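Copied over from TrEMBL, here are the features:
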type	residues	note
REGION	1-61	region 'Disordered'
REGION	113-267	region 'Disordered'
COMPBIAS	143-160	compositional bias 'Low complexity'
COMPBIAS	161-175	compositional bias 'Polar residues'
COMPBIAS	201-218	compositional bias 'Polar residues'
COMPBIAS	219-233	compositional bias 'Low complexity'
COMPBIAS	243-256	compositional bias 'Low complexity'
REGION	290-327	region 'Disordered'
COMPBIAS	293-312	compositional bias 'Polar residues'
COMPBIAS	316-327	compositional bias 'Low complexity'
DOMAIN	421-688	domain 'EML-like first beta-propeller'
REPEAT	699-740	repeat 'WD'
DOMAIN	706-973	domain 'EML-like second beta-propeller'
REPEAT	782-823	repeat 'WD'
REPEAT	828-860	repeat 'WD'
REPEAT	940-975	repeat 'WD'
Amino acid sequence: MRLDGQEAVAMQHQQGAGEAPLSQPQSPEELATLPPPTTPTSSAGAHDDERMSSSVASAASDEMLAADGASLRARVADLERRALAQGDEILCLRATLADVLRRLALCEQAHAGPAHSPSHHQGRPSPQHYAGGIPVRNGAGAAGSPSHAAHAAALTASPSRQGMSNHITSPQKESPSLRLRQPAYSGSPEAKDPLRRASSYAPSSLSQRRVVHYQSTGSLHSDSQSSNSVSPVPTSPSPTHTPPARASPAPRSTSQGHMTVRQQQLQQYQMQQQQQLLLQQHQQQQQQQQQQKAASTTNLHTAKRWSSTGDFNNVGIISSPTGSSTSLAARTRDATYNEEEGSVRIFLRGRPVVLYAPSAAADAYDLTKVATAPHTKLKLEWVYGYRGRDCRANLQLLPTGELVYFVAAAVVLYNVEEQAQRHYLGHTDDVKCLAIHPNKLLVATGQTAGHDRREGRPHIRIWNSVSLNTVSVIGIGEFERTICCLTFSKADGGVLLCAVDEAPDHNISVWDWQKGDRGLKITETKCSADTVVAAEFHPMDRQSIITCGKSHINFWTLDAGGTLYKRMGIFENRDKPKYVTCLAFTQTGDVISGDSNGNVIIWGRGTNTISRFIRNVHEGSVFSICALKEGSIVTGGGKDGRLVQFDSQFNATGLETQLVEHVGAVRVVAEGRGSQLLVGTTRNCILLGTLELGFSPAVLGHTDELWAAAAHPSLPQFLSGGHDRLLQLWDAQSCSTVWSKDLGEPLQSAAFSLDGSIIVVGCTSGRWMVVDAETREVYSVHTDGNEPIQVVKFSPDGNFLALGSRDNNIYIYQVTDDARKFNRVGRCMGHSSFITHLDWSTDSQYIQSNSGDYELLYWNAGLCRQIPQSSTLRDVEWASNTCTLTFNTVGIWPEGADGTDVNYCDRSHDQKLMATADDFGKVKLYSYPVTQPKSLCHAYGGHSSHVTSVIFLHDDSRLISSGGRDTSIMQWMLV
């Protein structure tokens, strides 16, 4: 029996469905053998049930998979959060471990100090000893941050510090008598031993402060050791190579035998180092002589030369700031000695100046003799001030608990709780920007172009915040002016670094900073013709960079080929601000910007359009926005001085605070420890606190050029005054402000009376004021001319006051009634230019003075008459030596000096040292007297502009230097 095709297909379909096949009628026998027929209705229902149950099972399976997927995603997200949290914990543990190692090294040195040095360093009283904290402007006191009580108690109980405190009374009426420790400073083997320095981050043994700084790279291309480092390692490491970290020494055993072996090893190492240094000096001197014979000029990169400033490359002294390559013989001919008269003739700007030698030195004087540098050196102990007036985003908290910020050419790491500072001194001029690597250990800082065309070129330095070693130096010769913005990439762990140059086109460049000797520049392009104030990598999108500034906010994308594409922010019909002033990011990746109209704008992630606009958050510009870890936002006003908090949805929480006027408006807001906030202000102050409890100052500073400086005659205190009208009294042991007062006009000079109870302050208007050092009361105001009072100085017997004016005259006053009454005696007329410096003789009868026309004149103070026969006063003893142009200061003038290169000098009270301040940001230390034109010195950087003054404290334990436009004050220990 055959079936056609359609019937066969139908039969197969029916059989597949469970139905009986269609066929021809069968015989009764066949029918009997067939099973009973199944009804079609019951078969179709069973099939539907199976299909339904299958679909239900499939849906249940899908739901289970979806639930499992959601659970898996939640678990993955939770694991990612835990991994990030653990990463933060590991980072904090690493930082804590590094801090512990530093502390162990500090304790080791503190215990080793008495064994190596007859004099012990004393601990410095905490700021709480002074009027209950750190006073602020005009005496408005605020409590300072306390130190760890246990740490202070342990240090106080140290047997090496007992029984060595002197009792000193504070000049403040409102505070009780103060117990200040008077340290006796001397050099210790730890400070000289490179091995000990390399194994310790804290060479100072002061009980309440760690002070360390390493200049790891020295000058950018110098073949000599850098003199910018006051505690240098033996040789500066390569800018692109970080030396392996030395294991921190374990706590020292109390066994005397172990300490003796250690000392012997250190002494042997020192002897070997000294022998090697002497051998190197001898070889380099021979090489120098050969080079001078071979050529009349030497290459700046390889020269080993002598100069009048004592800049000897072969002993680690810096190159001459003038960049001169004049040979020793040529410099010698600049000065001539007349044996008959016993006088030296030098030339300043082509003008001859005759200086008479004392009778005791005239016969044996040799013009060609080389004066050696002093054995005493300087170590930077403290930096006062902060640069907030014109820089942004320059205050951060490190995992070690230190604030990192900059002022002048120094980057400061300040632990407020322990009142401790460390300093990175790798830069040669003003530091203008700062960025923290995502690992929170590396720091990038950028500088402006400096005085020296070679070493002062703008560049970026990346350095380790624990060891202070330079990791990389980037962009030498690549930038035109100042690096104004820096940011590390965050989404890829900090592989890239973005920088903005303040060139006319404000070029933006992206660097793979770890490649090559000096980093690999991936791309560079024009950012904006207008000012750029901020640049940030997006925290979640590796290729995204946001910049903002005058009339713009730009969204950049870095493609795989290394090209930057720009999209400008669209303000639509809203008022376009004159400046977009700051940037931040939400936890979801949205961009937050503040502008000069006081508005806060939210830009959607990945877009260049506005998603939310919050008007009039501040009166005036929004200078800073800080996104806190818990999700809230804090904004700071640059005009109204307010701090305002928003929640994560940008709803105002109602929590805000107003800064007091004398500290300035908000410049930068950063997150501190716990709920604490860090606030940098436009008046160069740093505040710590919370929105609920308010803020107190941790750092105070000046805001304009500093010129006035004076040391207290009997206390470890000093004055500073500047064109910002502020007169501030500082304590050098607690490194804090005793008081601050606004005198209402720019200040130019200052001096203490003999007992320190009265301060005389000279102003730029020709007025001078008499101020009580204890109450800050202004007793009287006097006027002499209408030009600045350049210098004020009491006579050694306290009976006279001399004021040198810019009107070319010196005014003499008789002092009575405990320096509260002044009667004018007369004025000394005869200088052809303005008075720059003056000194009294020890018997208070004579005055020597310098002028802007390179004159050295002598005066009878009682008669106010000039003494024309200078040679008759050659043997007079002078109570001080601040005149830069005398026989005893011949060697402080550099080659080709124009007479204005050296701004100030000061002689130590023991008459063994001379410190100078120059126009190139250098502080130099000479052996006194500096009578040889060829005099060696130690030179130190840190200041960025001209250094206006240097003063020794009353006990010669410290030297204070003040910057001009950099507004910084630096405190140096003599070691």
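Using the three backbone atoms N, Cα and C, a Cβ is placed for every residue, glycine included.
Ranked by number of Cβ pairs under 8 Å to the repeat 'WD' (940-975), the listed stretches 699-740, 782-823, 828-860 are led by 699-740. Within its own chain, the repeat 'WD' (828-860) is flanked in space by residues 348-349, 351, 353, 355, 787, 790-791, 793-797, 799-800, 802, 804-812, 866-867, 870, 873, 876-886, 899-900, 904, which lie at least six positions past its ends and keep a Cβ under 8 Å from the stretch. Here the repeat 'WD' (782-823) is broken down by DSSP into helix, strand and coil counts: 0 helix, 24 strand, 18 coil. Remark: secondary structure over the repeat 'WD' (828-860) totals 0 helix, 19 strand, 14 coil, with classes taken from DSSP.
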